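What follows is a set of notes on a single structure, which appears directly below.
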Amino acid sequence: MPGPTQTLSPNGENNNDIIQDNGTIIPFRKHTVRGERSYSWGMAVNVYSTSITQETMSRHDIIAWVNDIVSLNYTKVEQLCSGAAYCQFMDMLFPGCISLKKVKFQAKLEHEYIHNFKLLQASFKRMNVDKVIPVEKLVKGRFQDNLDFIQWFKKFYDANYDGKEYDPVEARQGQDAIPPPDPGEQIFNLPKKSHHANSPTAGAAKSSPASKPGSTPSRPSSAKRASSSGSASRSDKDLETQVIQLNEQVHSLKLALEGVEKERDFYFGKLREIELLCQEHGQENDDLVQRLMDVLYASDEHEGHPEEPEAEEQVHEQQPQQQEEY
């Protein structure tokens, strides 16, 4: 796909305007708020084919391709669940469609992954990409879901990349792109240690000096043997009690985590339904629909509450009225 070319001003200098293949000139546009350059690239080329062909890359090849294009150090397909790589791909294909300053390249938690995918969804909408992003599946870090999406994105990249140079490190403006942790690692799986290694008698057995040949070892008295065996049994019981308590605590935490995840998925589904309704009625130029879309796609905590000052003013206005009633 040939890319746009830049025209020259009458004095022969580059004026950063863009001329398309059909001769239409698109003037250079600049965001006055953030001072970022944004070019109008038109609509993206949508890709609908998801069938496996000879061009489909293996998981090792596709991770090597991702690392090579955007200078990352991913080792597994599952690490694409953070969404950061896709955000940088969109900045590479369509400069100005996404702000990399808001992308969390060091994301480690699921809500940070969702934040990145919200930015990706907004860039898809801005470039009229029809692909539905299965966010609730991708952020789980499952291999097959992430492999299917990156294979589709590779075809989307091939259909829209025009061969222009791009420096991913410079585009991130110094942000360290740390790979997310392996989703397969469970925080509850602690390394198992043998009970013999943790027993208080194990260290004593190892540290006891070897008896010299020919010398008769002295036998400990019955009182010492009884005291040592009693202390060892008490230590074993204490350790067993502690293990039981920790297992109960882990079980309760797992139940709490499952409940939170179900609640999150429930509200995420509601927000997704609201988003689809807003997109269906987005062409009607309804102010309420636009305000809802702004709240849904807000990437900053403060951007999602633009009406809080007005609410405070209404409270202050109602207080004198209540005093007059008394």
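Glycine is no exception: its Cβ is also placed from the backbone N, Cα and C atoms.
What Swiss-Prot lists as phosphoserine is Ser9 (among others).
The domain 'Calponin-homology (CH)' feature in Swiss-Prot is assigned to 56-158; the stated evidence is sequence analysis. With DSSP classes pooled into helix, strand and coil, the tally for the domain 'Calponin-homology (CH)' (56-158) is 68 helix, 0 strand, 35 coil.
Tyr166 (phosphotyrosine) falls within neither a helix nor a strand when secondary structure is assigned with DSSP, and so counts as coil. The phosphotyrosine feature in Swiss-Prot is assigned to Tyr166.
The region 'Disordered' feature in Swiss-Prot is assigned to 170-239 (among others).
Look at Swiss-Prot and you will find 199-233 (among others) tagged as compositional bias 'Low complexity'.
Swiss-Prot lists Ser218 (among others) with the feature phosphoserine.
Sorting each residue of the domain 'EB1 C-terminal' (235-305) by its DSSP state yields 59 helix, 0 strand, 12 coil. Residues annotated as domain 'EB1 C-terminal' in Swiss-Prot: 235-305.
Under the heading phosphoserine, Swiss-Prot lists Ser235 (among others), citing similarity to another entry as support.
The region 'APC-binding' annotation in Swiss-Prot covers 258-301. Packing against the region 'APC-binding' (258-301) from elsewhere in the chain are residues 102, 114-115, 118-119, 121-122, 125, 135-136: each is 6 or more residues past its ends and has a CB under 8 Å from a CB in it.
According to Swiss-Prot, the region 'Disordered' annotation covers 298-326 (among others).
Residues or ranges marked as compositional bias 'Basic and acidic residues' in Swiss-Prot: 299-316.
Summarising the annotation, Swiss-Prot assigns compositional bias 'Low complexity' to 317-326 (among others).
The distance from the Cα of Tyr166 (phosphotyrosine) to the Cα of Ser235 (phosphoserine) comes to 63 Å.
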